[in-house]
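**Student:** Below: one structure in structure tokens.
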């Protein structure tokens, strides 16, 4: 089995300190974005049935499998700062399936951190390059860098798991 490139420790020694603070934020990025801007918005890019990415494992399944896929961009004062990609296995139905379907342009983070039944796993980090599909999707939002930092974590509720990956766009460093 191929070893994951995602790491449980942040190894960005030469990372901008503001970016580092966002990457290692233990609480809700939605709440922090709301505090750091006067106008916060979640823009829904895509939601529907699709395939999990090769490096995503949800419900204990390695590699590509059928999943509900949701992609949004978090905007602060009209500027894209975070691209978020979420997968939920289609193998089981439950509260998460219904909630994800009904979110629309509302933040998933506000649900994950407000509902007491959620259990969050550890945060993993990866510097995405141009070969990674999430880099390409984030770059389409105007991120013209050779690489972008991302983090991901698994959230559990009952028998379901949702994998949330957040890709940090260059404008994030303009926020505190």
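Cβ coordinates come from backbone N, Cα and C, glycine included.
So Swiss-Prot lists these for the protein:
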- 70, 108, 166: substrate binding site (BINDING)
**Student:** State the count of C-beta atoms found within 10 angstroms of the C-beta of residue 108 (substrate binding site), not counting that atom itself.
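**Tutor:** So the Cβ neighbour count for residue 108 (substrate binding site) comes to 21.
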**Student:** Helix, strand or coil at residue 108 (substrate binding site), per DSSP?
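**Tutor:** Its secondary structure by DSSP: helix.
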**Student:** Including all protein chains shown, what's the count of other C-beta atoms within 10 A of the C-beta of residue 166 (substrate binding site)?
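**Tutor:** Cβ-Cβ neighbours of residue 166 (substrate binding site) within 10 Å number 25.
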**Student:** What are the non-local neighbours of residue 70 (substrate binding site), defined as same-chain residues 6+ apart in sequence with CB under 8 A from its CB?
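**Tutor:** Long-range Cβ contacts: 44, 46, 47, 84, 85, 86, 87, 88, 100, 103, 108.
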**Student:** Helix, strand or coil at residue 70 (substrate binding site), per DSSP?
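**Tutor:** Looking at the DSSP assignment, residue 70 (substrate binding site) belongs to a strand.
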**Student:** Max Cα-Cα distance in Å among 70, 108, 166, the residues listed as binding substrate?
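**Tutor:** So the maximum pairwise Cα distance among the substrate binders is 12 Å.
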**Student:** Relative to the mean position of the Cβ atoms of 70, 108, 166, the recorded substrate site, which additional same-chain residues have Cβ within 8 Å?
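**Tutor:** Checked against the 8 Å cutoff, the neighbours are 71, 72, 84, 85, 86, 107, 109, 164, 165.
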